[in-house]
Amino acid sequence: MAETLRVLVTGAAGQIGYSLLYSIANGDVFGKDQPIILHLLDITPALGALGGVKLELEDCSLPLLRDVVCTDQEAVAFKDIDIAVLVGAMPRKEGMERKDLLAANVRIFKSQGTALETHAKKTVKVLVVGNPANTNCLIASKYAPSIPAENFSCLTRLDHNRAKGQVALKTGVTAAQVRKVTIWGNHSSTQFPDLRHAEVTLATGETKSAYDAIQDENWIKNTFIPVVQKRGAAIIAARKLSSAMSAAKAICDHLRDWWFGTPENDWVSMGVISDGSYGVEKGLLYSFPVKCSNKTWTIVQGLEINDWARDLMNKTAQELVEERNDALEACNK
Ligand code: NAX
């Protein structure tokens, strides 16, 4: 059996935490022979609910789960962890602007970046989910300078999965038959869900480009893109709560692919530190198409970018530059 992994989930008493913890503890993410110790962090008023989550985890009778540490102390939560899933944040409510969220969350991620630096293993892999995810991730990384920036990523896999789901519905196939979709940029409504390199294997067994399979460029530009961009808001409007089940599934997909690698003929979207690829400012935390192997991601290179795509990629980059600048200003206050 492998050495026990210490996996931290913050905001563990929240709705994403509730949907996520079973899958991690059940071996659905790091493998069925990987023992796990869960570190669950939440704020003090949520400790009662968190205790209830621990009781339920015990009642799941999971063979891989070795211990569950519940705490409101970062020093305990971040101690010797191998994986950090930073979910805890103030969630976006109906009508709330992302900017309102920024200042409140910068404080949280500055503190948690510092806790990573001080207490976590230097090999820790960090996935930031709490919004604004890209910028929170950048801030956490900034305050953990001895941990490689490549060990930080933010979740755009939910957007990626949403894009696959929409194409699958449109073309009458399953999501598994849709490959190579890309989410560029920010996990926000400026993101660019890109089908220009995507492929669909039709029911006949024939593989076509997504554009040829869909045969409706107008739908791609005027329905598909806004639907994916605004899906989070549509779910809040319908549920009066933000996505949780699909978010938890996307977190598992992101972590599993980072850990075990992406399939040969596909890629995934992850928010990662830009190395300047595709003209995206170096150091920006931007969602790219990536392939993973040996627990390392690499940005897919050589995709053709036309003027239309460039414009959309720049727009979302610009929003990230503004968020970053506002966040850095808030850090110094
Ligand atoms: P909930 O409000 O249900 O849960 C958040 C939990 O975080 C609460 O238990 C709260 O007490 C805790 N928390 C707050 N501050 C904390 C801190 N400083 N340390 C530890 N815990 C803290 O929200 P939920 O629906 O679970 O969403 C969590 C976050 O995920 C939100 O920021 C949300 O916007 C974000 N999302 C990000 C997505 C992505 O794709 N990147 C998609 C889903 C989701 O909307």
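We count from 1, first residue shown onward.
Any Cβ shown, glycine's included, is placed from N, Cα and C.
Just so you know, TrEMBL annotations are computer predictions that nobody has curated.
From a predicted model like this one, the values you see are computed outputs, not experimental measurements.
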Among Asp42, Asp80, Asp82 - the residue TrEMBL places in the same NAD(+) site as Gly11, Ala12, Ala13, Gly14, Gln15, Ile16, Gly17, Asn105, Val129, Gly130, Asn131: Asp42
Subset of recorded positions (Gly11, Gln15, Gly17, Asn105, His187) lying within 10 A of Asn131 (substrate binding site), CA to CA, in sequence order: Asn105, His187
Ala13 (NAD(+) binding site) - helix vs strand vs coil (DSSP): coil
NAD(+) site span - longest C-alpha distance across Gly11, Ala12, Ala13, Gly14, Gln15, Ile16, Gly17, Asp42, Asn105, Val129, Gly130, Asn131, in Å: 18
Cβ contacts of Gly11 (NAD(+) binding site) (under 8 Å, same chain, 6 or more positions away): Gly17, Leu41, Asp42, Leu86, Val87, Gly88, Ala89, Gly130
Local Cβ density at Asn105 (NAD(+) binding site) - other Cβ atoms counted within 10 Å: 24
Intrachain C-beta neighbours of Gln15 (NAD(+) binding site), sequence separation six or more, cut-off 8 angstroms: Leu241, Ser242, Ala244
Site of maximum Cβ density within 10 Å, from recorded positions Gly17, Gly130, Asn131, Arg162, His187: His187
